[in-house]
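Going by TrEMBL, these are the annotated features:
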{"type": "TRANSMEM", "residues": "58-79", "note": "transmembrane segment"}
{"type": "TRANSMEM", "residues": "85-108", "note": "transmembrane segment"}
{"type": "TRANSMEM", "residues": "120-140", "note": "transmembrane segment"}
{"type": "TRANSMEM", "residues": "190-207", "note": "transmembrane segment"}
{"type": "TRANSMEM", "residues": "219-242", "note": "transmembrane segment"}
{"type": "TRANSMEM", "residues": "254-275", "note": "transmembrane segment"}
{"type": "TRANSMEM", "residues": "287-316", "note": "transmembrane segment"}
{"type": "TRANSMEM", "residues": "336-362", "note": "transmembrane segment"}
{"type": "TRANSMEM", "residues": "383-404", "note": "transmembrane segment"}
{"type": "TRANSMEM", "residues": "410-429", "note": "transmembrane segment"}
{"type": "TRANSMEM", "residues": "593-615", "note": "transmembrane segment"}
{"type": "DOMAIN", "residues": "627-677", "note": "domain 'Cationic amino acid transporter C-terminal'"}
{"type": "TRANSMEM", "residues": "654-675", "note": "transmembrane segment"}
Amino acid sequence: MSGFLASLDPRRVQWGAAWYAMHSRILRTKPVESMLEGTGATTAHGTKLAQVLTTVDLISLGVGSCVGTGMYVVSGLVAKEMAGPGVIVSFIIAAVASILSGVCYAEFGVRVPKTTGSAYTYSYVTVGEFVAFFIGWNLILEYLIGTAAGASALSSMFDSLANHTISRWMADSVGTLNGLGKGEESYPDLLALLIAVIVTIIVALGVKNSVGFNNVLNVLNLAVWVFIMIAGLFFINGKYWAEGQFLPHGWSGVLQGAATCFYAFIGFDIIATTGEEAKNPNTSIPYAITASLVICLTAYVSVSMILTLMVPYYAIDTESPLMEMFVAHGFYAAKFVVAIGSVAGLTVSLLGSLFPMPRVIYAMAGDGLLFRFLAHVSSYTETPVVACIVSGFLAALLALLVSLRDLIEMMSIGTLLAYTLVSVCVLLLRYQPESDIDGFVKFLSEEHTKKKEGILADCEKEACSPVSEGDEFSGPATNTCGAKNLPSLGDNEMLIGKSDKSTYNVNHPNYGTVDMTTGIEADESENIYLIKLKKLIGPHYYTLRIRLGLPGKMDRPTAATGHTVTICVLLLFILMFIFCSFIIFGSDYISEQSWWAILLVVLMVLLISTLVFVILQQPENPKKLPYMAPCLPFVPAFAMLVNIYLMLKLSTITWIRFAVWCFVGLLIYFGYGIWNSTLEISAREEALHQSTYQRYDVDDPFSVEEGFSYATEVFLTLTLVTLAKGNCESCEFRLQCRL
C-alpha cells in the first residue's frame, strides 16, 4: 500500500508527460489513406460490404426514415395544439433548418466517400478519436431508441385497428408489471418485441433484401399519399382558413410548431452511413440527401393542407389524424386505406432506424473503439451480422419494457449532437491549409487518378524518350507535359492556351484553383452567389472587399489562419450554447423587457456576429469538390445555432438519461477503446519497431563474422546505388578498402 501511495507522489509522477500522452491519444485522427486501403476485396473489418446501392435506393432510405411519423402523426399534433393551419409554414421553416445541416452532411459525404459510420467517421478523420467515439456512441443511442419506438408505434397501431383486443389479451394472459413507464397497469409488449425481431432478420439477410423491402413499402406509402391528395380534394372547405383561423396562435405558435416539425426531418443522415455500400458515393450522397428532404417537405406540406382544409384545426384527432379526417365526412372505406399507408410508413421508418445502427457499430468495432467481434461481416449476406443481431436484440428489449412516450423523448438528442458536430467540422476544414486536408482530396480523386494512369505513362514516356533514334537522352524532363523547353504548371506559372488535362492531378499545387481545360486560374466570379452580389453592389464590390478585410482570390490559408478559425469556432460554439440557454431559460426576463436581459442578448448577438465576421476574413482552401456547402461561414454557423437551440429545448429527464448513457460510453472508451483502437495498436507497433532497430544498431554486440556479413550487405547495396549514378570506380575502391 505504501508503495502505491509513493507512486502517486507528485514529485515522482511525470504529470506533463502523462497529460501529453493522454492528450495525443484522445485527439489523434484517422488517416484517410487507411480507409482507401480498405476498398479492396477485404478490409480490416473482414469481408467488405456489398456496393449495391444506387441513388434511388439512397433516396428511398432517406424518405422512408423521415416520412412515416411526420406525415401520419406530427402534422395533426402540431396543427391542433400549436400552429393551426400555419403548420404548413412550420414545416417550411423546419425544412430550411434541416437543409442547413443536410448540405454540411452532403459535403462530408463527398470529402470522405466510401465510408461507413456517418458523423462518427467524419469526426474521426477531422476532430479526433474521443469526439468520434462520443458521437458514434450517441448515434447508436438515437438509432436504438428509434428502432424501439418504431416497433412500439407499430404495436400500438395494430392494437388500435383491433379495438385494443391485443393489449387486453396480453394484460390478461401474460400479466402486468410496474415500473416500466407505462403506468400502473403496464404490460410487456410482446408484439413490439416480435416486430423488432422480424425487422432485424430482414436487415441481417442482406442489404439487397432490406432495401428492396424498404422500396416496396415506400411505393405503397406513396400510393396512399396520392390517394389522400385526390380523395381529400372532394371534401375541402376554404372557410377553415378564413377569418383569422390560419394563424390562431400567431407566429409564436408557428415557431413552436417548427421546433416540433424539425424532428419529422430527422433521419436523412441514414444516407451518410451507407457510403461504403453506395455504387457512386461522390454524387449519390449529396443528391440523395437533397432529394429526400425536398420529397419529405412536399409530402408534409401537401398533407397538412388537405388536413386543415377538411377538418377545423381544433377538431383534429391527434392519435390518427389522417384516418379520422375521412371518418368525419362519412368516408369510412378511406380509413382502412390510410391505415395501410400508416402501417407501411411506420414500418419503413422502423427499418430506417435499424438499418444504419449495425453499420455504425461495425465502423466503431472495426476501428477498435468497441469490441472487435462486432465488426464481423458475413461472407454470405455481406452485412455486419453480429452487430445486426446485438443491436436488434437491444432494440427489441427496449420495445418490450419501455413505453413509447419515454422512448420518443430521448430519440433526437444524439442526432442533434451529430448534426452540430458535422457543421463544426465543415467550418473547420474549409479554412485549413493545404497540408492538413490533402488526404481528403487524394482519397476523393483516387479513382480518377487510376483512370489517367495510362495517359500519364504515355506522357512521361514521350518526355523521357529521345526525339529521334540518333539522339541521346541527356537528363530528366523539364516538365510533366512532355515539352522539354516550356515552363510547366509545376512551376506555378500560368500557360496561355490549352494545357494537357491529364497531367494535372491531385498532387499538383494548383489543383482545384486552375481551370482543367484552359490552364488559366479560376476566377471567383464562377460562383453564382458572387455574380449576383457583384451585380447588386456594382463597381464598389472590390473596394468594399478591401475595406472589410476580406481575402482575395490569391490568398491561401496558413497554419496561423487555420488556428484562428479553430479558436473562433470553439468560442462560437460556447457562445451559442450560452445564448440559447439564456433565450430558453431566461425568456421571462426578456419578455418583461428587463434592461440587463436585453443588453445581455444584444451583447451576445454582437459577439457571435464578430466571430462569424473574423472567420469570414480568413482565406478558404481553394480545393474544389464535386459538392460543397454554400455561403460559408453563415450556413454551418446557423445550423449550429438551430441544433443547439433544439437540444436545449429537450426535457430535463432526457438530459439525465443522456448523461447516464454518456457515462457508460466513457467507461467503455477509457476502459477498452483507447487502449485497443487500431491507431493505438499501430503506434505501439511503430514504437516497438523503432526501439528494436535502435537496440540493434547501438546496444547489440556482434562477432567478426556477423559484422563482415552485415558490412558486405550494406556496401553491396551502396555499390548498386552508386553504379546507377555512374560512380562505379570510386565505389569499388571504397568497398575493397573497407572489406
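Here the Cβ of each residue, glycine as well, is placed from N, Cα and C on the backbone.
Because TrEMBL annotations are produced automatically, they should be read as predictions rather than curated entries.
As a whole-number mean, the pLDDT of the domain 'Cationic amino acid transporter C-terminal' (627-677) in this prediction is 88. Counting residues per DSSP class in helix, strand and coil order gives 40 helix, 0 strand, 11 coil for the domain 'Cationic amino acid transporter C-terminal' (627-677).
Contacts between the transmembrane segment (287-316) and the transmembrane segment (593-615): absent, as fewer than 3 C-beta pairs lie under 8 angstroms at sequence separation of six or more. Beyond the transmembrane segment (190-207), the same-chain residues lying 6 or more positions past its ends with a Cβ under 8 Å from any Cβ of the stretch are 49-50, 52-53, 147-148, 151-152, 154-155, 158-159, 166, 170, 174, 213, 277, 347, 350-351, 354-355, 358, 381-383, 385, 388-389, 391-393, 395-397, 399-400. At the 8 Å Cβ threshold, with sequence separation of at least 6, the transmembrane segment (58-79) lacks contact with the transmembrane segment (654-675), having fewer than 3 such pairs.
Tertiary proximity for the transmembrane segment (654-675) is limited to same-chain residues at least six positions away from its ends with a CB under 8 Å from its CB atoms, namely 25-26, 129-130, 133-134, 137-138, 141, 368-371, 409-410, 413-414. For the transmembrane segment (85-108), the most Cβ-contacting stretch among 219-242, 383-404, 410-429, 593-615 is 410-429 (pairs under 8 Å). Long-range contacts of the transmembrane segment (410-429) within its own chain (CB-CB distance under 8 A, at least 6 residues past either end) are made by residues 100-101, 104-105, 107-108, 111, 118-119, 122-123, 126-127, 131, 135, 138-142, 145-146, 149, 263, 266-267, 269, 437, 440, 565-566, 569, 573, 615, 621, 629, 632-633, 636-637, 639-640, 643-644, 646-647, 650, 654-655, 657-658.
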